[in-house]
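Data block below; observations after.
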Amino acid sequence: MQTDLSDSSFFNHQSVMTDEIMASLEHYPLIHNNQLKGIDATLGGGGHSYHLLRKYSDLNIIGLDQDPFARKSASKKLDEFKNRIDIRASNFADFVPKEKVSFVIADLGVNSNQIDDPKRGFSFQKDGPLDMRMNPFLDVDADKLIEALNEKDLANLIYKYGEERLSRKIARKIKLDLKENGKYSGTKELAYSIAGCFPPKQRYKKIHPATRTFQALRIAVNKEIEVLEKFLQVVPEWLLPGGIISIISFHSLEDRLVKSCFKNDQRLKNLTKKPITPSEQEIELNKRARSGKLRIAQLN
């Protein structure tokens, strides 16, 4: 993928559950004191950080993102707060803060601009290269991944990360296509091939039959589960006593990990027995918010 950072036209991400994130930080006992410091572990377009910096005039935030397009967009959005926002090129699992902070927020998964930009290859709504890398400098994209894996490993990946019951049939079809026809021309051709693995009556449902497989490939390319597991292990060490960690997830694999961590990590007090979900009003305004789940924990 050619990385042209001059094109930010697709980066118009609408942050999810902003009010709920703001409210979650009120659990921190010193939230209204001076010299607050926090980490936005998934900066994206800077939406959550923007609202936090506006509300808390003494707040300083470190914003992390591995996507250079996101960092450029966030830098523009947050320009008025440039003395209080420190944007870092980092995957959140690899970051090591120099000092402890009052809170950490994370909005997991792919964001709207990555989906909407066909050049990123995350979606089959518009044709694009089979890429799916959140960090465009990673070595392995989706195209290389499906070519490198054997049929069994590809099937296991689709089942594990996509929870797709037809994983074996889909993997067999993908490997057969690659053998007989060479590489796929793009996302639409792969999605069409996957859809052909389903009975005709299932091909035209509300959710496209390729959705779960695309999710699985995206998770694998970006090592999303491994990265989240590592992040959940280290993030309590980033917090001051009483500090807050707020995480929004968008699919069951992520949510189960966050739920388990907040429930079982002895360093944390789980503040959400059940996840907080978006309001009906927000879902009406932003359909992509509907699957969001917010969980909150506090350092003991």
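From the backbone N, Cα and C atoms, a Cβ is placed for every residue, glycine too.
Look at Gly46 (S-adenosyl-L-methionine binding site): DSSP puts it in coil. Long-range neighbours of Gly46 (S-adenosyl-L-methionine binding site) (same chain, six or more residues apart, CB within less than 8 Å of its CB): Gly63, Ser73, Ala74, Ser75, Lys77, Leu78, Ile85. The S-adenosyl-L-methionine binding site annotation in Swiss-Prot covers Gly46, Gly47, His48, Asp65, Phe92, Asp107, Gln114.
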Recorded S-adenosyl-L-methionine site residues Gly46, Gly47, His48, Asp65, Phe92, Asp107, Gln114, farthest C-alpha pair in Å: 18
Under 8 Å by Cβ from Gln114 (S-adenosyl-L-methionine binding site), counting only residues of that chain that are 6 or more apart: Asp67, Arg120, Phe122, Met134
Cβ neighbour count within 10 Å of Asp107 (S-adenosyl-L-methionine binding site): 25
For Gln114 (S-adenosyl-L-methionine binding site): DSSP state (helix, strand, coil): helix
For His48 (S-adenosyl-L-methionine binding site), the number of other Cβ atoms found within 10 Å of its own Cβ: 26
Cβ neighbour count within 10 Å of Gly47 (S-adenosyl-L-methionine binding site): 21
